[in-house]
């Protein structure tokens with residue numbers, strides 16, 4: 001056996017796992033094979049625990065496939081694999097200080113000297129990080145699990161894990177919360193860390209002021225000497241050529257210094273119109289992760305946690321009632337709950353389903369008016385450039401069947417209709433056909449980036 005065994009495992013895992021999962025969890029691992037033991041080295045404890053919990057069976061299964069009864073034992077360690085004696089350099093060259101591999105699409109020059117970074121007293125940094133947003137009060141679900149995990153790793157290992165980290169998704173899904181959580185995590189680790197959070201428009205405004213005041217060099221020095229730069233809604237750089245030019249050079253300078261960059265957007269990097277290709281390319285150098293609208297269970301958990309923070313008893317059936325009717329984003333959910341709580345405080349009434357119907361009657365009526373099966377069918381047909389009649393027909397070609405399955409899945413997600421009712425609306429189909437369509441789309445969202453994007457785009461369109 002040789003180290004090529006791990007290369008074979010990597011090749012199979014890359015084929016079997018979604019690209020984001022492979023880049024985030026498997027690619028960072030280093031392997032050492034000796035004495036019939038395969039040691040896998042993870043960059044930190046968080047990655048080690050995750051890989052051991054989620055992928056141990058996959059890896060052991062591959063080792064058995066490739067080696068049979070001669071399969072090596074598997075061992076996990078935190079850190080980098082020991083240097084091989086044959087390639088050791090003299091101590092003066094510090095060969096043993098070589099960095100561990102980072103899970104990025106582009107190699108990093110060197111590990112950051114984070115703990116020894118000099119502080120420049122002549123510059124005053126304002127972090128703008130909201131201390132209320134942290135990882136503990138971020139409700140995790142299937143829709144945001146990878147994004148939270150990636151953000152947590154960046155907070156634990158800024159400049160070394162995923163750089164840049166690019167989070168994208170619709171409005172009100174938790175991107176900004178994660179930015180602040182990372183900032184708070186970094187500053188908890190190092191109190192004097194220079195962490196700057198801002199909206200992209202603030203960067204533009206600062207650059208314009210610097211140009212007006214002939215202070216562009218100070219502007220450059222400020223932004224290029226931070227330890228972590230967290231920029232929200234990067235899509236607002238669109239068509240601002242001078243701002244893009246300056247950010248391009250700032251981006252390069254930060255990456256070369258292994259200073260952390262985290263960006264958010266409402267869309268996938270390559271879909272941001274009005275932004276230069278060279279910038280969009282750089283956005284994808286590290287790790288790009290989507291945040292999707294929360295599923296029902298996560299929406300319920302968000303409501304229960306928010307109620308608990310406000311010392312309000314929210315019955316479970318009421319939380320489910322609200323969550324099943326308001327699906328677009330977290331901000332809308334929290335706003336609805338705030339209205340319910342305020343009404344309950346003003347009237348002194350108990351929070352029941354009937355009370356919620358009354359308190360949110362205009363919001364619920366608008367939601368039901370906007371999202372109907374008919375509207376979903378029209379939106380999906382327009383998105384895929386087919387006719388609504390095709391969705392209702394018996395045609396089974398993939399160009400029609402896949403959009404039909406998507407429309408059925410969206411109808412289940414966004415309306416309160418039963419499976420038989422949805423089937424009737426799609427040409428009198430059986431409820432088992434609808435169930436199969438929903439399961440198929442759920443599976444494809446895990447396996448196909450395109451289907452995942454289509455689902456998110458359609459949810460965003462229908463919920464706006």
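Note: Cβ is positioned from N, Cα and C throughout, glycine not excepted.
What Swiss-Prot says about this protein:
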BINDING   172, 174, 175, 176  ATP binding site
REGION    1-82  region 'Domain I, interacts with DnaA modulators'
REGION    82-127  region 'Domain II'
REGION    91-118  region 'Disordered'
REGION    128-344  region 'Domain III, AAA+ region'
REGION    345-464  region 'Domain IV, binds dsDNA'
Tally of DSSP helical, extended and coil residues in the region 'Domain IV, binds dsDNA' (345-464): 92 helix, 0 strand, 28 coil
Confidence summary (mean pLDDT) of the region 'Domain III, AAA+ region' (128-344): 91
Spatial neighbours of residue 174 (ATP binding site) that are distant in sequence (at least 6 apart) but have CB under 8 A: 138, 144, 147, 291, 330
Env. residues of ATP site, Cβ within 8 Å of mean position of 172, 174, 175, 176 Cβ: 169, 171, 173, 177, 178, 264, 291, 329, 330, 331
Cβ neighbours of residue 172 (ATP binding site) where a neighbour is any other Cβ within 10 Å: 18
Helix-strand-coil residue split for the region 'Domain I, interacts with DnaA modulators' (1-82), DSSP-based: 46 helix, 17 strand, 19 coil
Residue 175 (ATP binding site), number of other Cβ atoms within 10 Å: 24
